[in-house]
Amino acid sequence: MDFELQYTDPCSRARAGKITTDHGCINTPIFMPVGTVASVKAVHLHELKEDIKAQIILGNTYHLYLRPGLDTLEKAGGLHKFNGWDRPILTDSGGFQVFSLSENRKLTEEGAHFRSHIDGSKHLFTPEKVVDIQRIIGSDIMMALDECPPGQSDYSYAKKSLQLTQRWLERGWKHFCETEGKYGYKQTFFPIVQGCVYPDLRKDAAKHVAQLEADGNAIGGLAVGEPTEKMYEMIDVVNEILPTDKPRYLMGVGTPANILEGIERGIDMFDCVMPTRNGRNGMLFTANGIMNMRNKKWADDFSPIDPDGTSYVDHQYSKAYLRHLFISNEILAMQIASVHNLAFYVWLTQEARKHILNGTFKTWKDEMIIRVTHRL
Ligand code: PRF
């Protein structure tokens, strides 16, 4: 994997860059749609590519390992062959999902022990094993096994947790360096900075990660219950230390405003379930504000869903029609909302990129923050 830093905004840390993988290029900053179980929920590949213009999608080691399982993925020739997505894929390592989904989970020095949320079966993820699993999945970007402590963790827990994440990282990195991809293309491996809301832990974590000289670096453990201002402060602390010539990925964040603030602080890659999950519940994000499509106020509004939107659903369907679909619990409502929201998120990051490249990022961002947080 290669990263070309194309331009850095003189007024902030915002950057425009280009990641090159064996499955194609990614123009950063970029939003990556989440495809947990090998599908971006409710969205066809054709829509993802042609309409949403997704450049990279996510998969989850935890989910894919449990279902369809490694035998199937290996027989298929990897995830790209299995689901037909031929552009880059990033997989999360599973630690975060073990903690949010599985039962009876327990961390030891060895790894994360858990029971499947599907059938209760017992499993162990070690730092080495999640590399092996991601080798079989065949993601272009693999993630290290980490522990993500809650945002309210006290200092002593956060410190112990970070030390475990760091020991796991050493093991995962070593195993990554000793192994190779199975399908004839290159895979890379991103370490993850943890450290909760404590600046000294975050600095220590960022230095530890930086010395590995990985192709890219991730920031985890944010947007997990800490105040938003703390999240921004931690991004600043970490990005002061992470190398500027490697992409930086902020995991699982967030609202359109969070993404703009992240870009300003030097983040290049984002993922979040918010556009799809909130979309399926009727929440639409637009450049003019947030709409709850179940609201009565849209009942007789026959104007297009989003006149400024970039996807065909924005112009094809009216607000009144989409509201009717939500109220009637029609599957199509979720499909339309998912396409709209993902197209908006990708557009937002690519629009930020344009403004970084032509030197107007700061003024554009200040105006955009007000617009995207408005309630329609
Ligand atoms: N670690 C991993 N995946 C994640 C997170 C993390 O801390 C987060 C936190 N926002 C989302 N996804 N491995």
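Cβ from N, Cα, C; glycine included.
TrEMBL lists 12-369 with the feature domain 'tRNA-guanine(15) transglycosylase-like'. When pLDDT values are averaged over the domain 'tRNA-guanine(15) transglycosylase-like' (12-369), the model yields 97.
Among the features that TrEMBL reports, substrate binding site is placed at D92, S93, G94, G95, F96, D146, Q194, G221. Close to F96 (substrate binding site) in the fold, though at least 6 residues off in sequence, lie D146, C148, G220, M251, G252, each with a CB less than 8 Å from its CB.
TrEMBL lists D92 with the feature active site, proton acceptor. According to DSSP, D92 (substrate binding site) sits within a strand segment. Summarising the environment of D92 (substrate binding site), the number of other Cβ atoms within 10 Å of its Cβ, over all protein chains shown, is 29.
Nonlocal intrachain contacts for the region 'RNA binding' (252-258), taken as residues 6+ away from its ends with a CB within less than 8 angstroms of a stretch CB, comprise 96, 220, 222-223, 228, 231, 270-274, 285, 344-345, 348, 369, 372-373. According to TrEMBL, the region 'RNA binding' annotation covers 252-258 (among others).
Around D271 (active site, nucleophile), the same-chain residues at least 6 positions away in sequence with a Cβ under 8 Å from its Cβ are F31, M32, P33, V34, L58, L90, Y249, M251, G252. According to TrEMBL, the feature active site, nucleophile maps to D271.
DSSP assignment over the region 'RNA binding' (276-280) gives 5 helix, 0 strand, 0 coil. As annotated by TrEMBL, region 'RNA binding' applies to 276-280 (among others).
For ligand 1, the nearby recorded positions are S93, G95; that is, of S93, G94, G95, D271, these have a C-beta under 6 Å from one of its atoms.
Among the binding-site residues S93, Q194, the residue whose Cβ has the fewest other Cβ atoms within 10 Å is Q194. When the region 'RNA binding' (252-258) is classified with DSSP, helix, strand and coil residues number 3 helix, 0 strand, 4 coil. Highlighted in sequence order, M143, A144, L145, E147, C148, I192, G220, M251 have their Cβ within 8 Å of the centre of the Cβ atoms of D92, S93, G94, G95, F96, D146, Q194, G221, the residues recorded for substrate, and are not part of that set.
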